[in-house]
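> Have a look at this one before I ask anything.
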């Protein structure tokens, strides 16, 4: 207990330091790298808070994918001089004002956090009571797929909308074509080697994380991220081309998860008497939830991979 | 405290020492190549020792296999990334940055 | 009405149907997407009316999604206010969908185009998000719905691919994201203090304390940024002016009102005590500033769409007069129901009028190729129906009888005088005069006998769409009975007494 | 556990402050997006700390944990769109910052 508390006392300053570096450093590249380090430290913090599902999501999505997105954009915008650098460091008044604002807000939130009641009112009891009827062992999966499944449905649509938004920025002549720039890698190079070696392992790990999600930390979002990462690696090592935006198979893969979720939701109207409900009969809920999760994993993997790939820029060859 | 516990303690402590050494190298060495050297070599060994130390405490054979897989994947990633970073540094010629 | 109809899953369908349409449109492809979208949009008013009937017969509609009752599950809840907003949304979106065929339906013989495909799923997602906001009874779910709304609205701003639209969209996105993250922080504190985010349960459990006040302040600040209340309005005019007209219509008429709607829920249903701390006066003051600044800026614009966008900023200001007039401690007073009805009626009539104005601006762009106000001489002769529609919508903005805007402002004015807070009447009257100023300034060149340039002809049926919206906005003033009665449903008993 | 959760809650509050500072001070669009992500993760941490208090060995309240996972995915979606918009702005105009102020007055074009 005390040793772990010592860990907290080291971890929290480290997190804050990484955050300050990410905000304060002049070098943009260093800022993004600090942000990724920050995300990984934050994942450890989530483990300390007993939220392993969140830790997985933070490491894979918050640090990993967000970092890749920022690094990729930075590479394309260049680290050279531009008007942001030409303007020089922000003025002193601005910095002081911003610091005062930040400090005031942080102090207000801190006061509110310290004033929260003990013991905390919470729903773990209600979740634990309702979980066995679903046949699940992981309460977080129960909340995501059943109790608050409506949130998750909307969230899956949000993810897809972000992709549509990115696609909407394509130059008109490139519509229907391939997203992103062409990647080049030496066919005998170490990257191509890794790109051939890792995908089988990654796919196994991804499917495993999806499968254990029902009972232990893991699930559709974490698994989808791993699968997307495998695919991004294969694209980066120039082993495969991303699919063309006009491809019907791609579009079906993108909508499959949310569409399946909606369909099961509508079925719930008849079978369970409530939209997004699962039939009360024993043994029905878990297979349905796994079905929805499988669809979501596929769609999330495809969507995340294409989010990173970016706007369509090349006509399909 | 059993012998296995002592083994775990010793191995993890040794692993942590190598991690520390790697980090000191990262901070103190002069250029990209020597930093990479410190980071990958020391950290890979450190992680290996920590995994070794945790093996006796793993949940069954499957758990132990997972731990070893973690080490192997980290080795693979470190080796590849070190290669890529080194090549980029050589091409851009700013190895001293 | 048959019992079966009144028992249907209309609330669920209002959220699920647009999303289903959006998911289907993508694989269906650009040749068919607009047909599917219009089909789905056409179901909107029907579903909203069915829900209204359900509300009329059985009182407030509550749905526990998945059969899991709050606090474990998420509930949908439809009271009079929700149903009125849902109806308005369905009508405005139907009209915009029809009008958008001019720009986004595929031409014969043409393959799939970028905008021709993507506009339609984005519009459907926007509709689904609005419905989710108006039906949501869970503060975290409302956060997800708001993000859905933002991610549908931002791409619509720059779907035509103009560089200035990209900058406007990015600024809009950053403002909206900051707003929603502050909102979420407030929700987190509320969960920590009360163990639920269900609005109904929260209202019953709420204990005043530092966490609750901080949560209220953070959520309010976030929602104000999203509603573009002065001084957080900077993102709105460029974004609404740069978007294609059909998108501007939806953004100005409805999207900004979604966050305002949540603000109403927060201040009237969750924590009515917020108003007691001078917060209501602050919001009213900011609303006053928005009315004056927005109207003055609208008067100075050279471009039609920018002028309409600044007018939105001004008209949003009126909504915030609801807080001092109908809010918090004054809820039991006889005038508060009038102020409440007036404010909501203003939101609805502005939605209809503003959508009509932006659709007319779209027709102007189509006919003239530009929207410089001074160069619009002779427009009245080229497209009389559209100019007439613009004038009618303008009546509603000015608050002249017999329009919905008139009744709304009349109710707010009466409440201001009855409550002894006469000072709120000043910005209302000044805003009406200024609105008359900018509407006439916009209409003047169009009605002048000048030669004008070679207008491209615009068919009457395209002009009929904004006319229908403008007529509806005026008709609200002629038959205000229905909104009155509907709005009473689901309000606290004290407010309903006040209605008598 | 209780005090540890509160410690992380305070860290979350500080992160929100740091992120707000970055959002106000940094001009480069990507740095603004990064700062927004800092604020977001700070908010998630406050949420997590709220969930972790008094949770015991069971790992605390699963409901806020699920909400945070949803929030992380939503934040990524928004970040991806913002990055794509920033890249498009850069390609069109060569700018890496937002134009100083929207055109407040009259503009002809």
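If you go along the chain as it appears here, the first residue is 1 and each next one adds 1.
Every residue, even glycine, has its Cβ placed from backbone N, Cα and C.
Sharing the feature lines straight out of TrEMBL:
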| type | residues | note |
| --- | --- | --- |
| TRANSMEM | A:6-24 | transmembrane segment |
| DOMAIN | A:15-79 | domain 'MrpA C-terminal/MbhD' |
| TRANSMEM | A:29-49 | transmembrane segment |
| TRANSMEM | A:55-75 | transmembrane segment |
| TRANSMEM | A:96-116 | transmembrane segment |
| TRANSMEM | A:152-170 | transmembrane segment |
| TRANSMEM | A:190-214 | transmembrane segment |
| DOMAIN | A:191-310 | domain 'Na+/H+ antiporter MnhB subunit-related protein' |
| TRANSMEM | A:220-240 | transmembrane segment |
| TRANSMEM | A:252-276 | transmembrane segment |
| TRANSMEM | A:288-309 | transmembrane segment |
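Help me understand the surroundings of these features in the structure.
The average pLDDT computed for the domain 'MrpA C-terminal/MbhD' (A:15-79) is 91.
Within the chain carrying the transmembrane segment (A:29-49), a Cβ under 8 angstroms from the stretch's Cβ atoms is held by residues 4, 7-8, 11-12, 14-15, 18-19, 21-23, 55-56, 58-59, 62-64, 66-67, 70-71, 74, 79, all 6 or more beyond its ends.
Sequence-remote contacts of a segment are chain residues at least 6 beyond its ends whose Cβ falls under 8 Å from one of its Cβ atoms, and for the transmembrane segment (A:55-75) they are 28-29, 32, 35-36, 38-40, 42-44, 46-47, 209, 217-218, 221-222, 225-226, 228-229, 232, 304, 307-308, 310.
Tertiary proximity for the transmembrane segment (A:152-170) is limited to same-chain residues at least six positions away from its ends with a CB under 8 Å from its CB atoms, namely 144-145, 177, 245, 254-255, 257-258, 261-262, 265, 276, 296, 299-300, 303-304, 306-307, 310-313.
Nonlocal intrachain contacts for the transmembrane segment (A:252-276), taken as residues 6+ away from its ends with a CB within less than 8 angstroms of a stretch CB, comprise 149-150, 152-153, 156-157, 160, 163, 220, 284, 288, 291-292, 295-300, 302-303, 306.
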> Which of A:6-24, A:96-116, A:288-309 shares the most C-beta pairs under 8 angstroms with the transmembrane segment (A:190-214)?
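If we count Cβ pairs closer than 8 Å to the transmembrane segment (A:190-214), A:288-309 scores highest.
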